[in-house]
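Q: Okay, here's the structure, questions in a sec.
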Ligand SMILES: *Cc1c(COP(=O)(O)O)cnc(C)c1O
């Protein structure tokens, strides 16, 4: 193994999660697999073909470079939707490749029409509506201009979708705001349809909205975090539990992140360990060097706090997490040897290190921690 750690991705876990997700929506509702952020750290190249094997035919990415990586990894034709960034230079490429994309301002709309006229190929656009997130999207005041443009460019623009995004459906605190967004969306949709503008698909829901607000499902749901086996928030999980008190957690994590012991060291009582004086050995100790540090996404805030699994037992990180390594206390795991497997995230024996606990200790969101797992850690598919 050239690399000091690797990530395993479980196919059976993905299949179980996708089966669960499909049961949350009516049979005709399409599930778009959201794979921005390097498939939430799972690796676009590894994750996309796996998702296709599990029946996914629609992917959503943030940017054109992700769409390009996706196209290179697909094993069969699939719909690709860019929800965010495309430079004008890449727009032509996107239209030529048949990639669908969000349009959220008049410049982009005009550009899309021009490009498609130039190429003689329709641009498949999704109009994003501003409903209250106040990030991107057409405000009601823009709609007249949008209508004119769409009518004028009927032959070039295909209105594949009408969409919006909720500002925090994972928290009950935002309940009123989400409902307001939904009713604004419906009002604007109606206004467009009265002038003869009928999109093929309506879509608004992310994972949390799918779970908490069935009215948001419409024709397609855009699912990120749940397909990877994580609840969008503790609140969405407890809401599910209260509706299904008998059910165990239906989601399974896909990721195991593993390394191994690089070397062992005996440290006499009273010695400091690593940089500075944050850890002083309280007794004679045996420490294992694990070759993963903050350069690999193992946060420095886990210094003296993190835990890993070794021989099926939990072991504490001692001292400061370095750029490329950390020390782990194996004094009470006498069988520990150079080369032994170390689990940083995921399961070993009866124990597991969850992303949630890891994220909490390192003061990150699930989403943040996952997407910070570097591109160059190798990813392998397991059953
Ligand atoms: C990230 C994203 C999603 C998916 O969100 P999850 O909470 O991961 O399901 C859906 N829609 C848009 C526009 C997004 O940016």
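A Cβ is built for glycine as well, from the same backbone N, Cα and C atoms used for every other residue.
Pasting the relevant annotations from TrEMBL:
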- 36: active site, proton acceptor (ACT_SITE)
- 275: active site, proton acceptor (ACT_SITE)
- 135, 323: substrate binding site (BINDING)
- 254-382: domain 'Alanine racemase C-terminal' (DOMAIN)
- 36: N6-(pyridoxal phosphate)lysine (MOD_RES)
Q: What's the number of neighbouring CB atoms sitting within 10 A of the CB on residue 275 (active site, proton acceptor)?
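A: So the number of other Cβ atoms within 10 Å of residue 275 (active site, proton acceptor) is 12.
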Q: So among the recorded positions 36, 135, 323, who's got the most Cβ atoms within 10 Å?
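A: By the 10 Å Cβ neighbour count, 36 comes out on top.
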Q: Please report the Cα separation of residue 275 (active site, proton acceptor) and residue 323 (substrate binding site) in Å, rounded to an integer.
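A: It is 11 Å, counting Cα to Cα.
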Q: Roughly how many Å lie between the Cα atoms of residue 323 (substrate binding site) and residue 36 (active site, proton acceptor), rounded to a whole value?
A: 26
Q: Hey, does DSSP put residue 36 (active site, proton acceptor) in a helix, a strand, or just coil?
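A: Going by the DSSP assignment, residue 36 (active site, proton acceptor) falls within a helical segment, counted as helix.
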Q: At the level of the C-alpha atoms, what whole-angstrom distance separates residue 135 (substrate binding site) and residue 36 (active site, proton acceptor)?
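A: So the Cα of residue 36 (active site, proton acceptor) lies 17 Å away from that of residue 135 (substrate binding site).
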Q: Quick check on the domain 'Alanine racemase C-terminal' (254-382): DSSP residue counts for helix, strand, coil, in that order please.
A: 19 helix, 48 strand, 62 coil
